[in-house]
C-alpha cells in the first residue's frame, strides 16, 4: 500500500494495542480485543479465505501471497498485535506475580474434580449455560458459585443434552464457515464465530483455572459475535420467508423482550436488596446468595430475618465461616451466648487464621466471664492480623473489667495508633483516666483525641466532664454546648451540663438543663435526685430573699 499507508497502519495498530492494555486494566478479558482485531483485519479488510489458507499451510504451498496472508501488510500487523499482547501479558505477570490466584473448591467445583471426564463434561456444560444466557438471558445471578450448579458426574444426567445441542450447533456453524461455497457467507460466519469464541477463551478453564462457574460479565464481548450470527441468520431467513412481516414482528418482539429484561435487570442492580433477592429464585442452592440476603437484612436491623438466611447459608455450606461469624455476632447481640460460642469456635476450627471470628469469640467468652479464654482469643486474632484496632479495643475492655488499668490503656493506645479516628478507644481512655483520678492525663488525652476527631460529640462530652471536675467551668461549658448542638437528644449531655452549672452556681441554667434531661429520659440515673436537691436549694434561697 506504499510507505505512507504502511506507517498509518502501524500507528493505528499501536493505538489498538494501547487501548487493549487499557481494557485489560479494567478486566483481563480486554486483552482478547487484540485477537478480535486480527480476525477482523484478516476476514473483513483482507477477505482471507480461511479454508484455502489452511489447505495451503497443510500442503506447504509457497503461494501464500495469493492467499492474502502478506497482502497489505497483514502478517506484519498481526505480528505487531501478537508482540503487543505478549508485552502486555508480561507486564501484567511482573506486576501481579508469577503464581495464579488461589481459588477454592466452592468457587469452581469442576476444576477440583479428580476425574478428567467430570472436569471436561462440566466445563462443556458451563459453555452451554453461557450460550443459553446469550440466547435467553432470563436466569441472571450476581454469583453462580457455592453449589449453584451441581456437578454432572455421570452420562445419565439429563443435562448432557445441553452439551450435545451446543456442539451440534457449533459444529454446524464451523462447517458452514469453512466449507460454504458462498465466500461472503464464509467470512460472516467465521467473523461471528471468532468474535463469539475468542473473547470467551480466558474464561473457558482451558488454559488456567478461573475463580467462577458462570460469570455474566465474560459474555459481554462474545455477545458481539452472537449479534453478528443472529443478524446474519435473520437476513437469510428474510430472503427465503414468504411472509416477511411475521418474521419482522418476531424479531421485533425478541428485541422488545430483551429490552424489557435489560430494564428489569438494571432496576435490580439499583439496590443490594433487590439484586440479592433476585438471585434466590435462580440459585436457591447457593449459600453465598442466602448469606448476602442475610447480611443486607442485618445491616438494616432486621436481625430475626437475617438469622434465617444465615442459618440456611450454613446448612447449604457447613464450612461457610463468614456466615458462621455473622450469625454468631447476631446471636451474641441477642444474648444467645452459648450457641454463638459454638458457631464461632467451629469457624476458627475450620479456618484457624480467621481473625474476625477469633475476636468475636473473645467478646462472647468475655460476656460469659471466661476472661482467660477471651484474652487468649484476642491475642490469637492479633497474631493473625497484626493491625487490628478493633481487637485491641476489645482487649482493652477486657483488661478494664479485670481492673488491669495500665494494660487497658496500652491496648486502647495501640488501637488509636493503628486507627487514629477510633473514637471508642479514645473515649474509654478518657473515662478510665477520669474514673481513676488522673484528671490531667485524661485532659491531655481528650485534647489529643479532639485534634484528630474534632466533630465527635462523645469525645467533647467526656472531655467536658474532665474539665468540669478540674474547675475549668467556662471551657467545660463550651464543650458541653457544642456536644449538645451536635446531639441535642442525649439526656446525659443535658444532665451533666446541669451538674456543671449546679457546681458553678448558675442555678437557673442548671434547673433548665435538668428539666430537659428528665424530659428526654425520666429514668436517667441521679438526674432526678440532683434536680430535687436543686429545687430545694432554690426554694431556700427564695425564702431567704422573701
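Placement of Cβ uses the backbone N, Cα and C atoms for every residue, glycine included.
What you see is a predicted model, and the numbers here were worked out from it, not measured in a lab.
Positions annotated as transmembrane segment by TrEMBL: 6-26 (among others).
Long-range contacts of the transmembrane segment (33-54) within the same chain: residues 13, 16-17, 19-20, 23, 64, 67-69, 71-72, 74, 77-78, 81-82, 84-85, 177-179, 183, 186-187, 190-191, 194-195, 198-199, 221, 224, each at least 6 residues beyond the stretch ends and with a Cβ under 8 Å from a Cβ of the stretch. Annotation source TrEMBL lists transmembrane segment at 33-54 (among others).
What TrEMBL lists as transmembrane segment is 74-91 (among others). Only residues 6 or more beyond the boundaries of the transmembrane segment (74-91), in the same chain, are considered here, and those with a CB under 8 A from a CB of the stretch are 6, 9-10, 13-14, 16-17, 20-21, 24, 31, 34-35, 37-38, 41-42, 45-46, 48, 68.
Annotated domain 'DUF1736' per TrEMBL: 99-171, in sequence order.
The annotation transmembrane segment is assigned in TrEMBL to 158-179 (among others). Sequence-distant contacts of the transmembrane segment (158-179), counting only residues of its own chain at least 6 positions beyond either end whose CB sits under 8 Å from a CB of the stretch, comprise 50-51, 54, 121, 124-125, 127-129, 131-132, 152, 185-186, 189-190, 192-193, 229.
Residues or ranges marked as transmembrane segment by TrEMBL: 191-212 (among others).
Under the heading transmembrane segment, TrEMBL lists 218-237 (among others).
Residues annotated as transmembrane segment in TrEMBL: 246-264 (among others). Within the chain carrying the transmembrane segment (246-264), a Cβ under 8 angstroms from the stretch's Cβ atoms is held by residues 137-138, 234, 237-238, all 6 or more beyond its ends.
Model confidence over the repeat 'TPR' (287-320) stands at 94, taken as the mean pLDDT rounded to a whole number. Among the features that TrEMBL reports, repeat 'TPR' is placed at 287-320 (among others).
Taken from TrEMBL, the feature repeat 'TPR' applies to 321-354 (among others). Below 8 angstroms of C-beta separation, residues 287, 290-291, 294-295, 298, 303, 306-307, 310-311, 313-314, 360-361, 363-365, 367-368, 380, 384 of the same chain, each at least six residues beyond the ends of the repeat 'TPR' (321-354), sit close to that stretch.
Residues or ranges marked as repeat 'TPR' in TrEMBL: 389-422 (among others).
Marked as repeat 'TPR' by TrEMBL: 491-524 (among others).
Sequence-distant contacts of the transmembrane segment (6-26) (same chain, six or more residues past either end, CB-CB distance under 8 Å): 33-34, 37, 72-73, 76-77, 80-81, 84-85, 87-88, 92.
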